[in-house]
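Features reported for this protein in TrEMBL:
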type	residues	note
BINDING	A:C84, A:C89, A:C125, A:C129	[2Fe-2S] cluster binding site
Amino acid sequence: MPKIKLAENTIQLILNICTEFENKESELINVLHKVQNKLGYLPAEVQEVIAKGLNCSVAKVYGVVTFYSFFTMIPQGEFPISICMGTACYVRGAEQVLAEFKRQLQVEVGESTEDGKFSINCLRCVGACGLAPVVTVGEKVFGRVAPSEVKKIIAEYREGCRDDSKTA
Amino acid sequence: MDTVNLTIDNKPVVVKEGITILEAASGIGIDIPTLCHMKLDDLNIENKPGGCRICVVEVNGRRNLAPACCTNVHDGMEINTHSMRVINARRTVMELILSDHPFDCLICAKSGNCDLQDMAHKLGIREIRYKGEQSTYREDTSPAINREIDKCIMCRRCETMCNEVQTVGVLSAINRGFESVVSPAFEMNLDHSVCTYCGQCVAVCPTGALTEVDETGKVIRALSDPSKTVIVQTAPAVRAALGEEFDMEAGTLVTGKLVAALRRLGFDHIFDTDFAADLTIMEEGTELLNRLGKHLAGDKDVKLPILTSCCPAWVKFFEHQFPEMMDIPSTARSPQQMFGAIAKTYFADKLGIKREDLVVVSIMPCVAKKYECGRDEFKTNDNPDVDHAITTRELAALIKLSNIDFKSLPNEDFDNPLGESTGAAVIFGTTGGVIEAAVRTAYEVHTKKELPRLDFEELRGMEGIREATIDFDGLPIKIGIAHGLGNARKLLEDIQAGKSKFHAIEIMSCPGGCIGGGGQPYHHGNVEVLKKRQVAIYQEDKNKAIRKSHENPHIVKLYEEFLGEPMSEKAHHLLHTSYFDRT
Ligand code: SF4
Ligand code: SF4
Ligand code: SF4
Ligand code: FES
């Protein structure tokens, strides 16, 4: 078991959220949602506190966290990149777009770059199938993204990175 | 009670409302195949995820096939359990399951005992028309249990046992779709989790995904080493179950054949864990009377109730989950460990050999015992008191490997001095037995009178939590019994809340006690098997000439020659232990 080493006030914040949902195991998803909104991600220690707060097993919490792709155990980058993997996007080449993002940033899905600027996530259908394949960076939506455009999108967010030689 | 009328395979039936198609069919001798479903009736254990869809049947007027294990009967239903459509669907489901299952049958630990293999055979699967990706997952091994999750079919039985029955909460389905597996939190290995090694997940896993760590190789090696003296102890519950591995009726007592088989396997001395169970009663019973005496004298510091401590999974459970209550259980070691401690001192001295040259093997109904004998506090200079613990199933495998025709073996007797035991020790194998044995001795020691009766029916049975008051000659002693860790948790929470009325509580991790241990022959979901083993255990008790631990002549002698008296300093050193906060 990882020992809980969170700051006291973070623990309290999580426990308060649990109390808000009456410490009910059936509210697990809602609790996770709210905690992730506050903390940005759900590392192991946070899940342990939630398990305590809802009086259920950590395995159960972890089971739910890993079931929904919305939840993440890794801190997101300053600019979280999400690639839609819904059927429409997939058919129109989302996979190649994803591969290009991974290649450009040298990170896997669910990870963030060393400088903390970018992270990559996959989403199930975001409901913008007309624009497939869809990529979101933060709140901004990019439609009909082709692999060749990936470099440009990244550059838009990476200040001082116009120097193409750096992105191998 | 409301009833409904329906037909199953054209047979009209009248059944209770609210039961499933599966139950209705089985009532008239129609055996609908199931894979994920499991129900242990008297223990209130049911796994009903409706996931595998092997049990589908055709219901007239319903478009889709219905899973029989989780569809209730309705008035006027017409059910067909083996139409062409049903059989095709079942076989397709089976082929799909198999298309993502390793083809390891020939070398799988579960081969011959695997529900998946049996189902493939029953459904007559001869080819698999689907080719797809095969999931691969790392193997996880621990001191007691191996997880080979490639072989998991996501029936979720282990989750039901671990979470609902045992309330340990180690296992959960994680990830989604093709990636989903059953795993501890954060995909940590079992030995980093709060797993108690009770083995109840192993006992119900239909495939080879969960198995005990196989130590038969180590035992064979020890037996063939001429420089070692190899002795063996066998736990009470083994004799009431081993026969099943040789196609004998459940509940057949095979004590004599068991001894004969061990002798033929080449062990130098065949001893009995029951001897150490008698010793446990001497120590634990004395501890109970001490605490009780102080309590009655008005000592406020003394903790009651006292809890039994012979089950290693239970010990690990409270070390993880109730560390603030570690002063309540008895400090007595389990019989397995008492045996080891006496064997490597008293008996090694008698033989005039060093402890390193004595190998102690134990035959246990249990997988947690493998973990227990590896605990550091049970070692001297790194040499464990018990070297290898193998399960009833592993012993059966060794016997088969050694060309021994078990059924035709004669009945033989245990060796002395560590082979003599009483009826009180035998009943350690079932829920309620340890406390009954303790009562038989504590009563006589406390009252200095002979017990008017030896059979305490009020302590017996299969109810998850039981209680009884035993009259100690005017002193009412309140006793609680729990088997299954979920039931134990309830009694512990009462103690925590100051609501417990008991003086003594017996706790066993496995439903039924050790007769239902994780290392016993597989019961395949049939609770009758456990009940028959329980009957056998009480029968063995009745057969014994001596039925009270303190009357075991070799125990009396052991105290005279070696230990002094119960709870003496030497007894403390060798027969008691301490617990560790594992949070
Ligand atoms: S051995 Fe017991 S505690 Fe451990 S995972 Fe299996 S059921 Fe849970
Ligand atoms: S490990 Fe065994 S019991 Fe658990 S879900 Fe998989 S097949 Fe079922
Ligand atoms: S009840 Fe018996 S078989 Fe089960 S874990 Fe405890 S000692 Fe082992
Ligand atoms: S046995 Fe009914 S769905 Fe698995």
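Backbone N, Cα and C atoms are what each Cβ position is placed from, and that goes for glycine too.
Annotations in TrEMBL come from automatic prediction, not curation.
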Beyond the site residues A:C84, A:C89, A:C125, A:C129: chain residues whose C-beta lies within 8 Å of the centroid, for [2Fe-2S] cluster: A:M85, A:G86, A:T87, A:A88, A:Y90, A:A94, A:L123, A:R124, A:V126, A:G127, A:A128, A:A132, A:P133, A:V134
Residue among binding-site residues A:C84, A:C89, A:C125 with least C-beta crowding, 10 angstrom cut-off: A:C125
DSSP-derived class (H/G/I helix, E/B strand, else coil) of A:C84 ([2Fe-2S] cluster binding site): strand
Local backbone state of A:C125 ([2Fe-2S] cluster binding site), from DSSP in three classes: coil
Listed in sequence order, residues with CB under 8 A of A:C129 ([2Fe-2S] cluster binding site) and six or more positions away: A:G86, A:A88, A:C89
